[in-house]
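All remarks here apply to the structure that follows.
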Amino acid sequence: MVDLMIKNSDETKVKSPKQAVSKLKNTIEKKTVFGTKNFNLWYGSHHALKDIQLDIKENDVTAIIGPSGCGKSTYIKALNRMVELVPIVKTSGEINYRGRNIFESSYEVEELRTKVGMVFQKPNPFPKSIYDNIAYGPRIHGIKNKKILDEIVEKSLRGAAIWDEVKDRLNQNAYGLSGGQQQRICIARCLAIEPDVILMDEPTSALDPISTLKVEELVQELKDNYSIIIVTHNMQQAARISDKTAFFLNGEVVEFDYTDKIFSTPRDGRTEDYISGRFG
Amino acid sequence: MASQGLEKEQSVQQLIAQSRNKKGKKIVEKLMPLILIITALISVLTTIGIVFTLIFETFEFFQRVSITDYLFGTEWLPFSGSEPLYGVLPLVLGTLKVSVIAACVAVPLGIAAAIYLSEYASDKTRRIVKPILEVLAGVPTIVYGFFALTFVTPLLQQLIPSLKIFNALSPGIVVGIMILPMIASLSEDAMSSVPNSIREGALALGATKLEVSLKVVLPAALSGIVSSVVLAVSRAIGETMIVSLAGGATPTFEFNVTGSIQTMTAYIVQVSSGDAGYGTTIYYSIYAVGFTLFIFTLLMNLLAQYISKRFREEY
């Protein structure tokens, strides 16, 4: 892990000593949330992720970009083991969440998913009231007190910047909301159990530009308290909101670095081709 | 251009125009809706005819027996020569006893089976188990009837010695077994149509499989499940052969389930297969009972429709 960090920062072309210090400080202070070591994943015989090495830091927004089918969604679904819902999946190597391998047989998947929340590509609220959507997570984890639940619901909806829009209709079905609002309800639902990491799988691809902007602003606000990993097809989005970017191609990590570096002076020719729109 | 190849002959558009102008096609186009309307009307008119006959003959019955005696009387003794009594409540109670027992058997088992099939069973298991369940629905009810009489009743008598040969318990349980596949199959359909994305949303919050099944999928499919239960209970109310064979022919106004009963349907069978002369009060009474039964099942079906509309979850 440490080797990789140093390698990454070594290769960063340092423009000023000040910048160098800040970057070094960054690397030293920020703890690793997800350390991926020699991670491979197969769907049946299809080798979808090849020897992934990736260290994701806390309180960063990490963007994962790459063309369709490059394994980026598979990778973040591996981080909360949602990928195991596909029965033919096999894995090797390690993904360490806060230092513990999540693929250890003794690791309880519910415990992992309580810490690592997820927002999906298509908004998927439950066919319940807005209130019940948000309260679902806390309830299944044993919080029954109405007063505490009320507080959690308000706090989560405020956190997802949707409180003002829905505060007068908390008892209405969440399916009556617009797509963008539904997606923020899903983010609020995720915030309600106060996870450590939020995984976002192309959270704005089904949304209109205004809703997209709102979700992007939200990501910026959330990064103070959460580590966010976001898969996106939209390279401008990655450039706008992320601190670090990983470029995936054919199941491999081609390049992983600070976002400004990836988008200004990529190290690998394939990264440059992709971000300049020559393929993908 | 593509049309050049066809130049010597005719263009495709010309061929289409020729075919369109053929007379036969036009007549068929006009005639077909008429034929379809007639076939649709046959079933509608038959239903209306049946309902009108029921109402007509029931009206005749109430010329002879007062409607309050019928609705609130607690003794049904049509065959006591000098002073026949036509209080329908014992028959209604018999029907309800059987239906309630049937529901107690079928609802928990049916929903549990549906949860297993929809949420836990592998594709392979589901492909094997579901058709078997549906075969259970195809067993003729007369077979269930003698199964109740010759197998279930003796078995229950071992447990409850006071159980009569004809009783409400045994046919109730067997009617429950009969409607179980209906509940299981329809509820499974309702649960399977809940989109996977919703399950994933719950799993991603750290929910266990059971929590997803009971607190997300079940409520989301509730309208389908409830209407399947109501439909199945309405089947149970109308069920005839099982209760005729195993329930007995003694209408009683008692709430115990170990004694002989008579249901509305079984009474109609008894009179129809006996020799009640045309025009007698007994003859008209089966229409009154039939009409009562019709009202019951109609209300149940309307309830099922209302529930599935009113509580439809949008997703």
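Numbering starts at 1 and runs along the chain as displayed.
Each residue, glycine too, has its Cβ placed from N, Cα and C.
Residues or ranges marked as transmembrane segment in TrEMBL: B:31-56 (among others). Under 8 Å from some Cβ of the transmembrane segment (B:31-56) lie the Cβ atoms of residues 287, 290-291, 294, all in the same chain and six or more residues away from its ends.
Positions annotated as domain 'ABC transmembrane type-1' by TrEMBL: B:92-304.
Among the features that TrEMBL reports, transmembrane segment is placed at B:98-120 (among others).
Among the features that TrEMBL reports, transmembrane segment is placed at B:132-153 (among others).
What TrEMBL lists as transmembrane segment is B:165-184 (among others). Within its own chain, the transmembrane segment (B:165-184) has Cβ neighbours under 8 Å at 94, 97-107, 109-111, 113-114, 117, 133-134, 136-137, 139, 141, 144-145, 147-149, 152-153, 156, 225, 228-229, 231-233, 235-236, 239, 242-243, 245-250, 257-261, counting only residues six or more beyond its boundaries.
Sequence-distant contacts of the transmembrane segment (B:216-237) (same chain, six or more residues past either end, CB-CB distance under 8 Å): 95, 98-99, 102-103, 106-107, 110-111, 114-115, 118-119, 175-176, 178-179, 182-183, 186-187, 189-191, 193-194, 198-199, 201-202, 207, 293, 296-297, 300-301, 303-305, 307-308, 310-313, 315. The annotation transmembrane segment is assigned in TrEMBL to B:216-237 (among others).
For B:282-304 (among others), the entry in TrEMBL reads transmembrane segment. For the transmembrane segment (B:282-304), the residues of the chain that approach it from at least six positions outside its boundaries are 51, 53-55, 57-58, 60-62, 64-65, 70, 78-79, 84, 86, 88, 91-92, 95, 226-227, 230-231, 233-234, 237-238, 264-265, 267-268, 271-272, 276, judged by C-beta separation under 8 angstroms.
Within the chain carrying the transmembrane segment (B:132-153), a Cβ under 8 angstroms from the stretch's Cβ atoms is held by residues 113, 163, 165, 167, 170-171, 173-175, 177-178, 180-182, 184-185, 239-242, 244-246, all 6 or more beyond its ends.
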